[in-house]
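Swiss-Prot lists 9-259 with the feature domain 'Pyruvate carboxyltransferase'. The substrate binding site annotation in Swiss-Prot covers 17, 18, 171, 198, 289. Annotation comment: Swiss-Prot describes 17 as site 'Transition state stabilizer'. As annotated by Swiss-Prot, Mn(2+) binding site applies to 18, 198, 200. Among the features that Swiss-Prot reports, active site, proton acceptor is placed at 21, with the record citing sequence analysis.
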């Protein structure tokens with residue numbers, strides 16, 4: 001089929017980073033080795049490994065990791081024969097010190113992530129990553145919450161800092177296909193670097209959104225095997241690969257092996273099956289950061305309020321990633337209102 005780029009499509013598997021939210025950041029080294037080895041043997045291009053909130057995310061606010069993420073990254077690098085290991089870094093959570101550590105133990109790609117209106121805070125990290133010899137992408141989170149014009153403006157900043165690609169990152173799983181098309185098309189017409197798309201499946205359109213992004217020229221896409229990612233997960237990698245194969249894309253990833261990875265390697269790790277439940281559905285509907293789900297559910301239980309009310313209120317306040325402390329504040333306020341009624 002016709003698409004607006006001649007570059008090959010490359011996939012980053014995010015189940016060992018985005019999926020860390022689902023696992024409450026309790027991945028073991030053995031699990032990371034097992035999953036990485038299977039993905040590598042299937043031909044996966046990139047495998048992202050780090051705390052769910054990126055390098056340096058193991059804190060009381062974001063959730064403590066069971067195993068130091070550098071050990072997990074090192075283990076993943078050790079298992080790879082052809083895939084490259086990627087990491088996520090959110091300025092303000094991760095630092096250039098942690099980025100240097102990750103590079104020294106073999107991480108080859110870093111995605112530097114900021115809120116969609118705050119690309120300026122990524123300059124130092126992008127430039128430093130280039131100095132380290134890493135492949136560097138910008139990652140504009142909560143892309144649904146800004147105008148197309150603002151998105152283009154911020155993407156151009158990341159390009160000027162040295163990013164080799166910029167992702168439209170649908171952190172809330174709130175974008176619909178026509179909105180993805182509009183954003184990717186605008187970036188393709190404005191940038192001279194690659195464009196990526198990272199979706200979440202909270203409204204059950206992650207695969208459709210990813211296909212739309214590819215049609216408009218995105219060449220870097222994300223997936224999570226068995227939807228092992230925050231909220232309702234991301235575009236389900238093995239499903240996405242099957243769709244792409246039907247459409248004529250040859251990505252040199254073994255579809256049968258990826259089905260086996262999903263069924264035999266990743267599925268047994270899931271605390272519960274990844275499906276669109278009311279919490280993740282509300283996040284997509286309200287436009288709330290997908291990693292907020294478990295935090296909101298815990299706060300709801302603590303304050304005896306409905307998690308959906310918490311998420312809707314967070315959406316109204318346009319709370320962004322990094323403001324997890326607001327979840328408890330909102331829950332407490334809702335509980336107080338409930339008592340007064």
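Cβ atoms here come from the backbone N, Cα and C positions, even for glycine.
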Could you tell me the C-alpha distance between residue 21 (active site, proton acceptor) and residue 289 (substrate binding site) in angstrom, no decimals?
12
Compile a sequence-ordered list of residues in the same chain as residue 200 (Mn(2+) binding site), six or more apart from it, whose Cβ lies below 8 A from its Cβ; state 'none' when nothing qualifies.
170, 171, 172, 173, 206, 229, 230, 231, 232, 233, 234, 284, 290
Taking DSSP three-state, what's the residue listed as 'active site, proton acceptor' in: helix, strand or coil?
helix
Tell me whether residue 198 (substrate binding site) sits in a helix, a strand or coil according to DSSP.
strand
Cβ atoms near residue 17 (substrate binding site) (within 10 Å, other residues, all chains):
30
Within a 10 Å radius around the Cβ, which one of these recorded positions has the most neighbouring Cβ atoms: 21, 198?
198
C-beta crowding around residue 289 (substrate binding site), within 10 angstroms:
28
Near the substrate site, what residues other than 17, 18, 171, 198, 289 in the same chain have a C-beta no further than 8 Å from the centroid of the listed C-beta atoms?
14, 52, 88, 141, 169, 200, 229, 230, 234, 290, 291
What other residues of the same chain, not counting 18, 198, 200, have a CB atom within 8 A of the CB centroid of the Mn(2+) site?
14, 169, 170, 171, 173, 199, 206, 222, 224, 229, 230, 233, 234, 290
If you count other CB atoms within 10 A of each CB, which of 18, 171 wins among these binding-site residues?
171
